[in-house]
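First the structure, in the form of structure tokens, and then the observations on it.
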Amino acid sequence: MASVEEFRNAQRAKGPATILAIGTATPDHCVYQSDYADYYFRVTKSEHMTELKKKFNRICDKSMIKKRYIHLTEEMLEEHPNIGAYMAPSLNIRQEIITAEVPRLGRDAALKALKEWGQPKSKITHLVFCTTSGVEMPGADYKLANLLGLETSVRRVMLYHQGCYAGGTVLRTAKDLAENNAGARVLVVCSEITVVTFRGPSEDALDSLVGQALFGDGSSAVIVGSDPDVSIERPLFQLVSAAQTFIPNSAGAIAGNLREVGLTFHLWPNVPTLISENIEKCLTQAFDPLGISDWNSLFWIAHPGGPAILDAVEAKLNLEKKKLEATRHVLSEYGNMSSACVLFILDEMRKKSLKGENATTGEGLDWGVLFGFGPGLTIETVVLHSIPTVTN
């Protein structure tokens, strides 16, 4: 008879969790930042607020965003005007839209990841789903499992209302699942739509205005597993370690409250400073065991909370400008998609590496870091190891 220790050891994988495929998706409706102030003040019936519109236009100009994809259309706002009003009761209709669209958008990204992976979906043993958009029972994970036709025995983890750091959280969770369940293949999906936070402008809520200028809709998916079969699977990045911490006395720095009016968003002006002043401690704790202290020797996947955060991190760590190129590209093309962002950036990183004929999926470098920042103020740190690129 096997001992408990032998039984437990037999359940564990031998190697590190590895990302095996990536997929991303957005809604069809695209808005351009150059004329978004005109659009936003028109659809929210706020064109009389001329000075606030000028202020909002300046925020948009400084955002470094070219375009975003947003599920809400002008026609939908005409049909449901309370969504576009400032602080009008609207949670019911928001929830009705969200609970249908979040799983659907997640499905689109998941199908792309599954297609790239190339294996039968019956091999998916675990599903980790994350969204800040809406809550229901059974959750978006259950709906997605049914939309994809996953096995009824798939083991599901549903993460609600984690916010922008959760792209790191889902990878940390998937790593634990893959490494502690031999043969596991974990489908990870982040799906975010701004229906939950969209509302009209107010002079008394400038932090809400910042959110209206930054956030976009998108979904991303990865498949994670240990001990990949390289004859049929293509490893992209290894998840070497993962950690989470929160900055003391910063609970209100980034915050959201789900109320009758939807999800309200609150932001302290010193968030870029809080993050940049604490990020090196996270790097040191993560990379000291590997003997790495040169942050420019890493490839970087950082949640693009906004240009001010990226600029502050870049300056504090003396990073070369090219280090955050992939992050800035995703911010420019999609805006801040909350939890979905870092997986978009991973996708951009590996595509850029292959296109540039780099030696590894990490722009030719071996080691990298993935950061998520969000409410708490919480920081997720994931140490990545790239994979040599294979050219046919």
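Positions of Cβ are set from backbone N, Cα and C atoms, glycine also.
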For the substrate site that Swiss-Prot assigns to LYS55, PHE56, ASN57, ARG58, GLY305, GLY306, PRO307, which of LEU20, LEU267, LEU343, LEU346 is also named? LEU267
Pairwise Cα distance maximum in Å, substrate-binding residues per record: LYS55, PHE56, ASN57, ARG58, LEU267, GLY305, GLY306, PRO307: 20
Between the binding-site residues LYS55, ARG58, where is the Cβ count within 10 Å the lowest? ARG58
Residue with minimal Cβ packing [other Cβ atoms within 10 Å] among the binding-site residues GLY305, GLY306, PRO307: PRO307
Candidate with sparsest Cβ neighbourhood (10 Å radius) among CYS164, LEU267, the listed recorded positions: LEU267
Roughly how many Å separate the Cα of GLY305 (substrate binding site) from that of CYS164 (active site), to the nearest whole number? 8
